[in-house]
Amino acid sequence: EMCTSQHLWIGCRGPYSPSLPLTLLLLPLFLLFTMPQLAQGAITIPKQLKKPPTLTNVPTSFTAFFHEDINLTCEATGNPTPSFRWEKDGKNFELNTTGSGTIKAIKEEPLESYAGHYRCYASNTLGTAVTQTVKVYEGQSIILTCNPPESSIPPTIYWMHVGMKHINQSDRVMTGLDGNLYFANVLETDGKAQYLCTAQYTKAMTVLLDTFVQLKVLQSNDVIHGKKPQLLSPTGSHTLVQTLRGQNVTLECIPKGLPTPKVEWQKINDHLSDLRAELKKHNRWLYFESITEDDDGEYRCRASNTHGHTTHTFTVTVQAAPYWLKVPQDLMYTPGETVRLDCLAKGNPEPIITWSINGQRLENVDDDPRRTVTSSALILRDVEVTDTAVYQCEATNKHGSILLNIKLLVVELPPEILSSDGVVYKVFENGDIQMHCESFGSPRPHIKWERDDKVSLIPDPRVSLLTNGTIELENVTHIDSGVYFCSVKQTNISITANLEVFNRTVILTGPKDVHVVRGSAALLHCLFYKDSRLHDYKVEWRRNGHKLLESSRDDKLWIPVSSPDPPSSLSLSDIEDHSVTLSWIPGPSHNSPITGKHKWQKKKVVPGDFNHLQLILQPFCIFRFRVIAVNAIGRSDPSEPTEYQKTEPAAPSENPTGVRSNSTDPGTLIVTWDKMENRLHNGPNFQYKVYWREAQEENRSWNYDFVKSPPFQINNTGTYTPFEIKVQAVNSVGEGLSPEPQIGHSGEDKPEEAPTGVSCVVTKSTVRVTWNEAQRVRGQLLGYKIYIRRLGPVSARVRREDDRWVVEVHGTNTSKELTDLRLFSQYELWVTAFNKKGESPPSKLQTFNTPEGVPGPPGSLRFESPTNTSLTLYWTPPLEINGKLVGYMVQYQQVKSHNRLLRMQEIKDPNKNDITLKDLDPSSYYIFKVMARTAAGDGPPITERGATMLEGAPPSNITIVSSNTSFNLSWVPGERERNHGFHIHYIRKIGGQWEESEVVNSSQGFYSMTGLQTGTQYHLKIVYGNDTHWQHEISTKGPVPSEMLGGSVTQGWLIGLISAVILLILILLILCLVKRSRGGKYPLMIFCAYFCSDGDEKRSDSQRSLCDDSKVGSDDSLAEYGDSVDIQFNEDGSFIGQYSGRGPVPHGHDGSSPALLTSHSHHAVLCSKYQMCLSVCVLKS
């Protein structure tokens, strides 16, 4: 960084020292040319040798109060003699000099005209001597130092520009605690201003001014490359701050760097949000107001930008002068009591407590065995009257001391009762009552209460004795009536109190609902009971919670139900241009007070006792008035209206509200407002006068135009240009009040420039995107949009995927953290700015890669158990690899075992997705974990619980469900048993031979034996090894085959039926062939015909060809097909089963085997005996 120092101070003082001096005259002095050194030797330089000008005497900045104070000295040497030229505020200044270049003021000219910034030029034929400027390269940091004279009270430092305008400070340019002006980086615009340091000594009423400094900013390539943050203040890496409790402390971190660094604060091992500290000066200051010991600790400031960060640590140590935690009160004690005087003080270091009595240190006072001193208290036992004194407690540490006077008063006063004697207390039954017996004395008197029978009241649970002697009785009854005595123990002092208990007042019958004719009266009754001893009572009636009438002792209420009569004799008086007095005579109120009056437009509501009212009327209107009286019952009829009253026109008294700009297109300014009501026009020819001018040109005259209604459009206003706008109401009489201007803008356009300086800092799955503030927004900046797209894995060829998303950053924030990015991925992003009109062009494309990370868990995990001591694990690769797979880690551990060692198997081949684990315990379960691995480490595991499979065996606990021709066997497979194949052996009990089923798997849990005879007993068994593992006897349902009547007849009938059907099919085939030979040829045709015995019409192709409730044949003839007629149909309902005999051998689980149907098959359907239908379809190709 570059530092400049100013040390020429000119001051002004006095009670009216201005913060902006009356006249500021400034000329910094720098030497432009240096004199050449004399060469060694005897060479003599002639006096006539020409020399360029050299400034020898220049003025300094000062404040002038009189013309005589102005003496701007400018002297120079040179050959030829230099001539002088002055500039004031950058413009040529006419000289009024003495010939040497010194300026003096002319008394005829105003003193204020000399205020400004001056520069002297000394010139001859060889050159000109001028003020040297401070040069600095753009992007560099710089410190402008300000070293005011030292003072017991530090001055307040201000930095200003020419014209004594305060410098706009920001996170880039700010004043430090030392008064210096810090530039984190210098911009080209910083060289267009001059800088002045002023020191204000408030107590001395003095302002000191330094000399102006001019910066010359040179262009540099550092602006493109940027700079890593460093701290301008403080220096080093650590600062120790020691302070006292209650002081204000500021920790300061001023960084430099490009772009401008951001500063963040952190309390080490704590949360900064929980502290009372306040961030100031764009987070450069951490300010503690009235610091406490809780603020003690270490703080770290961190300055960062896109090129890196730097930190500085502050160790804050808070000590404290002694202060009181609790201030004891002066108290009065009685002889014999124990007194404790606390001296609770705190400080850092811990204060030392010392005691004094009446100003004498305790060690200088005679010892008293009744007196004890602890670390923070003085205790006196059995105090006496002579112990009355003033005790001093003093707390001291290295930062100071505090002293406290505690007055101890020991007195002895005789007891007395302050409450009155013979007070009568009255209470209703079941109520609560307090009877008072206030006492005084030293020592404090002990109070006791008794009944007239000398019985103490304390044992009664309804009685409470308060500390002030008052006794409280709850839930009082008539038994509690009587005389009570309050006395001081061990004395003859007492008073009496009389208690009277009244019966509770009860409403026996409340008012009933009544219906009355309008205009008549209603009578409401209220029957109640009261104690006969109550003489002073009132009956109160309320309507809707409000008191209706004055209370009385009557138990009846007469309610007037008629509204009041209308007012009469309306008249207008005191008629002026815009006001009138309305008078009337109120009509009868019908026993209900009139509460107000109503007019047509409810101009005003007045109390019922008013009979006149002054009204302020709107100009340029015609009025008529009438009055309505109102009471609790309702409104009266309106009175007769008054004559017409016309008001004179006047200038508008109001201006339109809601003045705003509603511009939509660039180059136009649309001004709109809320339209005023006609009654507010106040006169004829009403219109609006619209004013506008550019907001930056306050001294420019207003443009205006007249319109009848909003809106008003102004063209050629530029893009989003701020304007001052106002709208004034005018009519033929005049204009309304001058309105306050509002700020409006012309129409917006899309931002013209893309955001610049976009950079990305990647941390794991998060990227922090920063950019420079958008320029040429041409509208109100609503925010920024970050477009980000994943291109694929880092190792893969770049391809743009569709998973692009947009993140909006609202407001003026120029950074955003994007989280949950996929690791080991390539991304690209760009940034746009947007306003209401749209988005700017995109910024330059930024690409970045996320680092390799640990993979996700494998996609799946399953087991196979080749043996009862081994298990093969199969898994699939992770869905999210997040890098390059280098292998897997397999961990397994026994569940609920004493020897729960974690075993691991490392697989270094990333393409291997299985492993066989041997020597496992068949009796235990295991927890298996498989983790994928990349160079970044192991990912989270996929976890499964498993065990090896044990040798299986046939089931032994089998449930059998019998039907006509089948047995359904079911069982529960073993949880960990390996699949085992077995046969079921079966035999008919009468005349049968052993047969066996197909191979059955033990894991399937169900098997259906079919093809059995009805009503037959079978013996079933399972053989395992050479032994019978399971056996059971069971019979099928249905009739015994030997008892089936007409079985042969039925069988013959069925054969005949099938033969007839086949014959019919052949006949129809012949007819179809004949039909085909006569008709046309079709590539594909379906012929379907229906023949019904009852003469029904042909059915359409969409009709079903089988009656749902019909059966084919009889149960006897179809017994071999199962319990019910198990006939299969195709989609149109046609029969596809075969009437062929089936053997007794069972077939699988379904119990039947459907016949195959070819594409040229013929199929027929038989219906019930009530309707004989035959469908014949021939599919021809």
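Every residue, even glycine, has its Cβ placed from backbone N, Cα and C.
In TrEMBL, annotation is done automatically, which means it is predicted and not curated.
If you check TrEMBL, you get these features:
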{"type": "SIGNAL", "residues": "1-41", "note": "signal peptide"}
{"type": "DOMAIN", "residues": "53-131", "note": "domain 'Ig-like'"}
{"type": "DOMAIN", "residues": "138-208", "note": "domain 'Ig-like'"}
{"type": "DOMAIN", "residues": "229-317", "note": "domain 'Ig-like'"}
{"type": "DOMAIN", "residues": "322-409", "note": "domain 'Ig-like'"}
{"type": "DOMAIN", "residues": "415-496", "note": "domain 'Ig-like'"}
{"type": "DOMAIN", "residues": "566-650", "note": "domain 'Fibronectin type-III'"}
{"type": "REGION", "residues": "636-665", "note": "region 'Disordered'"}
{"type": "DOMAIN", "residues": "652-749", "note": "domain 'Fibronectin type-III'"}
{"type": "COMPBIAS", "residues": "654-665", "note": "compositional bias 'Polar residues'"}
{"type": "REGION", "residues": "736-758", "note": "region 'Disordered'"}
{"type": "DOMAIN", "residues": "751-853", "note": "domain 'Fibronectin type-III'"}
{"type": "DOMAIN", "residues": "857-952", "note": "domain 'Fibronectin type-III'"}
{"type": "DOMAIN", "residues": "954-1039", "note": "domain 'Fibronectin type-III'"}
{"type": "TRANSMEM", "residues": "1053-1074", "note": "transmembrane segment"}
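The listed stretches are 138-208, 229-317, 322-409, 415-496, 954-1039; of these, 229-317 has the most Cβ pairs under 8 Å to the domain 'Fibronectin type-III' (751-853). Most Cβ pairs under 8 A with the domain 'Ig-like' (229-317) among the ranges 138-208, 415-496, 857-952, 954-1039 are made by 138-208. Across the region 'Disordered' (736-758), the DSSP tally of helix, strand and coil residues reads 0 helix, 4 strand, 19 coil. Over the domain 'Ig-like' (138-208), the average per-residue pLDDT in this prediction is 84. When DSSP labels each residue, the compositional bias 'Polar residues' (654-665) comes out as 0 helix, 2 strand, 10 coil, counted as helix, strand and coil in that order.
Secondary structure counts, DSSP: the domain 'Ig-like' (229-317) has 6 helix, 53 strand, 30 coil.
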